[in-house]
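What Swiss-Prot shows for this protein is this:
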REGION    1-181  region 'Large ATPase domain (RuvB-L)'
BINDING   20, 21, 62, 65, 66, 67, 128, 129, 130, 171, 181, 218  ATP binding site
BINDING   66  Mg(2+) binding site
REGION    182-252  region 'Small ATPAse domain (RuvB-S)'
REGION    255-352  region 'Head domain (RuvB-H)'
BINDING   291, 310, 315  DNA binding site
């Protein structure tokens, strides 16, 4: 599951290709509203020589939350310190990070929704008043110590906004929601990446990669690197649509960006369960995949593409899903997504 080339989760190779990341806000492609607003807030903070208000980046994985956080620090001309929610296991870990920050530095916490409640409690006064309240000692001899902190900017990133506690969420003065990218935006990202990597690419080659990238820059960059590998070995001088399509077919990434696992999921419901409805536990058992992987990794993109419906009775495939995988609609299924006729004579009776 973690080896999917179209998966949006971070992989080691994604971290190695840092040269593909934009370094300044003007080079960042997509998320126009977020970029424009951030540019205003950054300029205002610079003009006043103040720390930027705390920022929360929310959205699906792979859309550029970490990259944007690094750009914000670079545009502000301050240091950038990065960590993640699961790494900060106790209050002392957070205190060590905060006390080492210089004035107006940026502290980036990825997966901030995974902070423990004890660490969150320490974070509240640090965010609001730039003060750290720590308990020193145990039992009757315990005492509270208040530490003054340099003004700083906390940038949090989360893929699960609903898991953030209300007190923590409300302390971010600049909430930014990132959305999936349009194909045209991803084409720009692919062209820029090809230029950085020194790869010759035609416009239709960039389009072929972009339209299969599932609206996610991280996936686009990964597909670009793999297509480059095929082109290099096969002696292709310039990657056009034909070369890109050939490479992506060998990677089992189809024209919608679906991979072999997506096709297994769709065929499981279409063939084994006549298009549904079928429960997620049954699907998980049939595919030998954990339920959370089905719900959080496989299904979101299929639902976004209008191929799957989640209903109270279970998962159903839409007619578009049957058409995409080349399986005929079961008898009795209507043309409406996720609906079935109760009786064969429904249409004749005007109750389809």
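Count begins at 1; order follows the chain as displayed.
Each Cβ is built from the backbone N, Cα and C atoms, and glycine gets one as well.
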Would you mind listing, in sequence order, the residues at least six apart from residue 310 (DNA binding site) in the same chain with a Cβ closer than 8 Å to its Cβ?
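In sequence order, 299, 303 meet the Cβ cut-off.
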Name the residue among the binding-site residues 291, 315 whose Cβ has the smallest number of other Cβ atoms within 10 Å.
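Checked 291, 315; of these binding-site residues, fewest Cβ neighbours within 10 Å: 291.
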Give the number of CB atoms, excluding that of residue 62 (ATP binding site) itself, located within 10 Å of its CB.
26
Residues near the DNA site, 291, 310, 315 excluded, by Cβ within 8 Å of the Cβ center?
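After dropping the recorded site residues, what remains is 279, 280, 283, 294, 295, 299, 314.
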Roughly how many Å separate the Cα of residue 62 (ATP binding site) from that of residue 315 (DNA binding site), to the nearest whole number?
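Here the two Cα atoms are 26 Å apart.
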Around residue 128 (ATP binding site), how many other C-beta atoms are within 10 angstroms of its C-beta?
10
Residue 181 (ATP binding site) to residue 291 (DNA binding site): how many Å between their Cα atoms?
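Answer for this pair: 27 Å between alpha carbons.
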Reported as an integer number of Å, what is the Cα distance between residue 291 (DNA binding site) and residue 66 (ATP binding site)?
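With the alpha carbons as reference points, the distance is 28 Å.
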How many angstrom lie between the most widely spaced Cα atoms of the ATP binders 20, 21, 62, 65, 66, 67, 128, 129, 130, 171, 181, 218?
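The span, Cα to Cα at its widest, is 37 Å.
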Can you give me the average pLDDT across the region 'Large ATPase domain (RuvB-L)' (1-181), rounded to a whole number?
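That region's mean pLDDT is 87.
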Would you mind pulling the DSSP three-state label for residue 310 (DNA binding site)?
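Its secondary structure by DSSP: strand.
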Minimum Cβ neighbour count within 10 Å among the binding-site residues 130, 181: which residue?
130
